[in-house]
Amino acid sequence: MNDNYLYSVLVGFISGVAFCSFFNLGQTFYLFLILISWAIFMFFLLGNPKEKEKIIFVSLFFLSAGIGVWRFDLTDFKKTEPFLNNFLNQSVSIDAFVIDEPDTRESNTQLKLKIHKLNGEEIETKSNILAIVDQYPQYNYGDLIQVGGILNKPKNFSADGERQFDYVSYLAKDNINYQIFYPKTKFVSSGNGNFIKEKLFQVKNIFIEQSREIFPEPHSSLLSGLIIGAKESLGKDLQDDFRKVGLIHIVVLSGYNITIIADFIMGLFSFLPGLFSVFVGAVSIIFFAIMTGASATIVRASVMALLVLLARATGRVNEITRTLFLAGFLMVLHNPTILVFDASFQLSFMATFGLIFLSPKIENYFSLVPEKFKIKESLVSVISTQIFVLPLLLYMMGDFSVVSVPVNLLVLTFIPFTMLFGFLSIVVGLFSAVLAAPFSYIAYVLLSYELKIVDFFSSLPFASIHIPTFSVWFMAVAYLFVFLFFSKIKTPEGVR
C-alpha cells in the first residue's frame, strides 16, 4: 500500500475515534461519513480522473473515520445498566469476582469487581464496579467476594482546583461505571480467574514482599516501582516529588523505562554478534512483561520498547515509525477508549515516537558530549522524550519541570545497575540472605543516591513551574510546531 494511503487510513481512523470520544452523534454519523467517502470517490473520480491519488486519499480518510466512529460506538462507552441504575444510592449486597490485581494505596485498596450476584440473584452485566476497601483483609485476583454497601456512580473531580480530571471516563475505559466506598466484605472462594494470570501476580507479589524484607522504605517501594512498576506504594508525597523533577517515568514501567532495561542487557552481551544481542534484549523485554503481570498497559509499553530496539538495531527509522503507527492503530482498534482516556498509552506512544523520530536527528548536535558511560545517549534520549511528552504533560497536569534534564542525566545512568543489583538481591535472597548481602548493599547505595537527588532537586523553589491553563488546542498547536520544526532537520546518512 502507498504510504500516503496508509497514513490516510490510520489518521482517518484515529480522527474518527477521537471525535467520537468527545461527541456522541449516534450510530447514523458513521454511515454519513462512509457516504461522504463514497460520494467523493464516485463523483470526483469520474469528473477529474487526473487527480485520482488525491481523491483516493481523501476518500480513504472519510471511510476510515467512519469506521473509527463505528468501532468506538461498539464499546458502549459510559453506557450504564438501567437495571443497576434502579439500585443507585441504595444499600446492596453483591457477590463479585476480583478481575484485576488489587491496587494498594497509602490508606486503602481499590478492587475492580465483576458482578456475579446482586442481592442473591445472578445477573449478566457488562458494567464493572470499583470497590474502595480497607487494606485488610487482603484479597487477590480471581477471588470471589461478597460486598455490602451503597452503590454510587463515579464523579469527576479537580485535583488542583483548576483542572477537572475526567474520572468517569478514566474508569469507563475499563467498563467501570459504578463505585462502592468501604463496604462490608467477606471472602467466598479463590481461584476463579485465569490460571496463568493468577500465577504471574503471585510471582509479582513474592517479589514485592521480598523487597520489603530486604530494604527499608522508601527504598523498597522505589525498587518495586523500577522493576515491576508498583509506583503506588511510593506514597503520594514521594510520587509528587518524582513528578516535580520529571522522573516519574522510571517507576511506571513505560516503554521508555523498559527500553532502558533492554539497552543495558544488550550492552552486557555486546561482545556477541549484533543480532544475538538484539535478540537477548527483546527476550528481556518479554520476560519483564510476563514478570510484571502482563497487564494491557505493560504489554503496550513492551511493544513500544521492542520497536525502539528495532529502530536502533536496524537504523530503519522510517520503517519503524510506520510500524509504530500501525502498532498504535491496532491497540486503539482493540480498545478505542485508550486513545483519549488512557494517559499511560498516550505517554508511552509519544515517548517512543520521540526516541525513534527525534533521537537520530539531534544526535549530531551533541558531538562534544562524551559517549563514555552512555552519557551522550542518555542526554539525547532524555531530550527527545521530554520534547515529545511535554505538551501532553502540560495539558494533563500543567507542571513544567525546570530540572528534568539534569535530574534525568544524574539518575538514568545508574538505573540499569540499580535494577540489576536489586533484582539479584531479591532472587538470591529467596535462597540465602548471606549470599544476597553484597548485591543488597550495592542496590541500597544506588537507591539512596537516587532518592537524595530527587529530594534535593524537588526542594528547589524553581524546580517546577505550574501553568494553570493549557487547553487541548494549545497542545495540538504545540505538537504541530514540534513536528514541523524537527521534520526540517535531516536524518543523518545511514539512518533510513
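The backbone N, Cα and C atoms fix where each Cβ goes, and this holds for glycine too.
Annotated features in TrEMBL:
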TRANSMEM  6-23  transmembrane segment
DOMAIN    29-184  domain 'DUF4131'
TRANSMEM  30-49  transmembrane segment
TRANSMEM  55-72  transmembrane segment
DOMAIN    226-488  domain 'ComEC/Rec2-related protein'
TRANSMEM  246-272  transmembrane segment
TRANSMEM  278-311  transmembrane segment
TRANSMEM  323-341  transmembrane segment
TRANSMEM  347-366  transmembrane segment
TRANSMEM  378-397  transmembrane segment
TRANSMEM  403-421  transmembrane segment
TRANSMEM  428-447  transmembrane segment
TRANSMEM  467-486  transmembrane segment
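As a quick check, the transmembrane segment (428-447) and the transmembrane segment (467-486) miss the bar of 3 or more Cβ pairs under 8 A, pairs 6 or more apart, so the two do not touch.
Residues 29-30, 33, 57-58, 60-73, 77, 322, 325-326, 329, 332-333, 336-337, 339-341 of the same chain lie 6 or more positions beyond the ends of the transmembrane segment (6-23) yet place their CB under 8 Å from a CB of it. The average per-residue pLDDT of the prediction over the domain 'ComEC/Rec2-related protein' (226-488) is 81, rounded to a whole number.
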